[in-house]
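Have a look at the structure below, then the notes.
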Ligand SMILES: Nc1ncnc2c1ncn2[C@@H]1O[C@H](COP(=O)(O)OP(=O)(O)OP(=O)(O)O)[C@@H](O)[C@H]1O
Ligand SMILES: [Mg+2]
C-alpha cells in the first residue's frame, strides 16, 4: 500500500521571467516499509519535494496524498495533526529543544499530543539508539551524533507512518553518520517503518531500498538501491 | 561605521520602535506635566490681571503669617475713609470676597474639591467694574445676585431664576439679576462667582468691613500714591500697585499648587526609570544578538572605539527621535492630565496650552540622557566582543561566576540605600524637601539593589510560578518556565521594570491601608462624640452659629467646636497649625492621649494657656509651666503658658491647642473647622444625625455625620487620592508591560528555528501561543513578587517614624493578591502580540533558515 504519493507535483517560486520551477511535475509513490533515498545535485528540488510531501509547504499544482487522502487542502490544524500523528522528522541540524532533556525531547511528540508514552516502545528505542545513560542530559551536553540519534528516536517515538529525514548526516563525521544511518535502516527492518531521506552523499544513499534522483525539478532516475559505487555511477550517468 | 549603525537601526525597526516607545512615554509625561502646570500658572496670572483691571493701587489687611490658601484679614470699615483722604487717590472703593455656598436648582449644595464658590461684592465705581453682563444686569437690591456665565450655564440658571446662597449667614433665596463674563472668560479659573451688593455681601459673609480696597489714581503715579496710602494706614495693611498685587496673587496660588507639579514630575520620573530598564534590556539583547556581526567587524579591523561609537550613535538616534515624539505627545498628555485631575476631583478649570521653550528643552534633554545612560552599559558590552567569536558559535555567558558579584553588589547597594533612607527619615533634617530627596534616593538605590539581585532570583521564582503551569498546562508550561530561566538576566530586567512601578503601587496601597486603619482606630479610641458636623466638602470652615443650632437638637447634650488657624512659633521658620477648642466641653467629645495633664487640665484651660503635642514641645524645648510665643495671622505677638502635653494621633487635632475664645480674639478665627456633639446615652446616632441635619437646613453647606459616617468620610478621601495615584502609576506599569512585549518579541525572534521545529513535530498554534503566554505570565509574576515584596519593605521602613504618631501598619492582603492576579492578567495581555508572532512562525523557517 502506498502511504504517500504525488501526482504531477509542481512548485514554482516567483513569477514571470524570474520564476524558478523548483519542482516541475513529479509523480512518485512511496509504499509502506520502504527506505527511499532522494538524491540530486544542489538546487535540484530535493528539499522542496520533501517539504511538500510532509505538508510543510504547499504545492503550486499537483497533488500529495497521505494514506490516500489529499493534503493540499488541509488547514494548519489538520496539517499539524497529520505531522503529529503520521510523520516523524529528522533535520540536518537544530532538531532538539535546548531547554529539554534528551528524554523529554524524545517524548516531545507524545507530550504535545497529550498522549501516553508506550514505555516498552520507548525503552526499545532508547536501547536501539544507545542513549540510555544520556537521557537526563540537555542537547548542549550531547555530541552532534548523539543529538541526531536523539532526533531519530524522537521521530520514531509515536510510530509515525513516514519518517522524513533531510540530510540527517549532513553535519556529522563518518562514524556518527554511520550510526545514524544504521538506526534508520533498523527502523525499516525491525520496526517496518517507511523512511524518505534526502541526501547528497552516496554512502548515505547506499543504505536505501530505492533511489530517486532529481534534476532540475524532475525525476531522472527511480530504481532499486545499490552500493555506494553504484550510486556514484548513477549520479554521474544523470549528471 | 555611522552608516552601519543607522542601517542596523533601520533593519530592526520593530525593536527600535518598541525601545523608543518607552522613552516617548516618559518624555511625554514630563512634558505634559510641565505644560499642564505652566498652563495653570499662566491662566491664573491672566485671571488676576483681569481682576485687578482698573486698579492702580490695592489695599488689603496684612497677613503676618502666610500659609497656603490663607486669606488676608478683613479691614475695618473706616479704612476706606482713611484711604480716600490720601492725596492722589481719585477713586477708592472697598469690596468683600469670601468663600460661600451655592445650591443648585434641586436644592443640593454644589460641592467642589477644586476651585471654590466665591461671594464677591459688585463694584459701583465704573473703573473697577470687571463684570460684563451678557444678560440682565448687576444686583441692585439685597435680594439679587449675579452669576458668572460658566456657573449659570453649568447649573442652568437664567435671569429671573431663584438661587439659594449661604455663607456665614444662613441660607437665603435670591433672584438672579444677571449673568456675566469676567474679562471675556466664563469664570474665574473654574471657580463659581456670586456677585452681590456690598452690604448684602458683608452681611452674608460676616465680613464686617472690606477684604480689599481698590484705588484709581486718575493718572497720578501709582507708586507715589501707594507710598502715601501705606504711610497713612500703617503696618497692619498691605498696600501694593495693581500690577504687584496681580503678580503676587498668581505667584501665591502657583506656589500653593506647586505640590501638583512635584507629584506629577515624580510619577513622570518613575515612568522614565521603568523606561530606562526597558531600553537597557533591548539594547542588551540587540548587542547579544549582534555578537557575530560585531566580531566580524572586529575581524575586518574595526576598533573597540568604533564599535562603541556605532552602538552609541544608534542609541542616540533612537533617543533623539523618541524624545521629539515624546515632546509632541506631551502636548496631548497635558489636557489628559487635566482631565485625570478633574476625575480625581481637582478641577483647575484651565484652558489652552502653554508651551515654554524650556519645556521642550527639558523634554529633549531628559529623553536623550535617559536613553544614553540606559544604553551605555550594553554599548560597552558590545566592545568586549572578541574577534574570534565570529568563528565560533556564540555562547551566552553563564551567570555562575556572576553570582557572588551580584550578591555583594546588591548588598552594597541595599546597604547604601538603607543608610540614605534612614538619614532621610530619622536624620532630623531641617528641610523637609532635603529629607524627601534622601528618602527618594534611598528608595531608588534599594530598587537597583533588587534589580541587580533579580537575575539570581529568576530561577527559583520561575520554578515556583511555573510549577502550577507545568502542572495544568503540561509541556507548554514546562517549556515556558525553562524559557524564562534561559536568560535570567533578560527576564530579570524585564521583571524589574514591572517591579519598580508595582513597588510604588504597593507602597501607596499599604500606606493607605495603614492610614485608614489608623484613622479608624483613632476615631474609635478618641472620639466620644456621637456626631461630627462639618462642611460637605470636608475641609472648608463652617459658621460658628452652627454650634447653637446643634445644641438645640433633642438628645444632644454637649457641643464642642474646633477652630483652626495657622501661626508662627517664635524661632521657627515654618508655620504651625493651631486649634481653638471649647475647653469646658471638649472632654465629652474627644479624649486626648495625655502625656502630662488630665481631662481637668483641659476643662480648666484658660485663654492664656496652651496644650501642646509632646514631640512639638520637645522640638520647641518647652515643658509644662513653660511658655510659648506665637505670631498670629493678624500680626499679634502672643505668649501662652503650657498647661499640658499630649500625644497626637493621626492628625485628629493640631499640635497646639488653645481656647476657642483665644483663637477668635487673637488669631482672627471667626469660623469653626467642625463641631462635635455628644448625646444622651441610648440615643440612636442615625436618628440624631437626621434630626441635626434637619435643624441645620439654614446652613446647607454643613452636614452632621455619625461616627461611622465620619470614619467613612475620612477614609473615603484617602480612596479618592489613592485612585489618582494608581492612575498615575498605571503609566509606569504600562511601560513595564511594553517591556514584556518587547523582550518576548525579541526572544521569539531568536527562537524562530526552535519554534519551527516544535511546530514540525506537532505543536499546534494554540500550544505555541500558550507557551509564550505562560512565559509572559511567569515574567510578570516574578515582577509582581519582587514589586510586592519591595513595596511592603518600603512601606515598613517609611512608616517607621509614623509609628510614634500611632500609625498602624496593616497589610492589605486582599489588595496585594489582586495586584498579583492583575499582574498575571497583564502578562497575558502583554503576551498577545509576541504570541501571535510566534504562532505565525512558518515551519519551513526552522528547516531552511540558517
Ligand atoms: N524560498 C525560495 N524562494 C525562491 N526560490 C527557492 C526558494 N526555495 C528554493 N528555491 C529554489 O528552488 C530550487 C530547488 O531548491 P531546493 O532547496 O529544493 O534544492 P535542493 O535540491 O534541496 O538543494 P540542496 O542540495 O542545495 O539542498 C533552487 O533553485 C532554489 O534556488
Ligand atoms: Mg536541500
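Each position is counted from 1, following the chain as shown.
Glycine is treated like the rest: Cβ placed from N, Cα and C.
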**Report entry** Among ranges B:258-280, B:281-303, B:465-487, B:534-556, whichever one TrEMBL labels transmembrane segment
**Finding:** B:258-280
Report summary line: Students should find that the transmembrane segment stretch in TrEMBL, chosen from B:360-382, B:567-589, B:590-612, B:613-635, is B:360-382
Report summary line: Per TrEMBL, the transmembrane segment among B:191-215, B:216-240, B:316-340 spans residues B:316-340
Query raised in the report: In terms of Cβ proximity under 8 Å, which residues at least six beyond the ends of the transmembrane segment (B:403-429) contact it?
Result: 435-450, 452-453, 455-456, 797-798, 800-801
Query - Counts of helix, strand and coil residues, the domain 'ABC3 transporter permease C-terminal' (B:728-841), according to DSSP - result: 98 helix, 0 strand, 16 coil
Query raised in the report: Short question: which residues 6 or more past the ends of the transmembrane segment (B:258-280) have a Cβ under 8 Å from it?
Result: 19, 22-23, 25-27, 29-30, 32-34, 36-37, 40, 318, 337, 341, 346, 366, 370-371, 373-375, 377-378, 440, 444, 447, 451, 493-494, 496-498, 500-501, 504, 728-729, 731-732, 735-736, 738-739, 742
Query raised in the report: What parts of the chain pack near the transmembrane segment (B:491-515), using Cβ distances under 8 Å and only residues at least 6 beyond its ends?
Result: 270, 273-274, 277-278, 280-281, 284, 447, 450-451, 454-455, 457-458, 462, 484-485, 650, 715, 718-719, 721-722, 725-726, 729, 732-733, 735-737, 739-740, 743, 779-780, 782-784, 786-788, 790-792, 794-795, 798-799, 807-812, 815-816, 819, 823
Query raised in the report: What else in the chain is close to the transmembrane segment (B:360-382), if you only count residues 6 or more beyond its ends and a Cβ gap under 8 Å?
Result: 23-24, 26-27, 30-31, 34, 272, 275-277, 279-280, 283-284, 286-287, 290, 294, 307-308, 311-312, 315-316, 318-320, 322-324, 326-327, 330
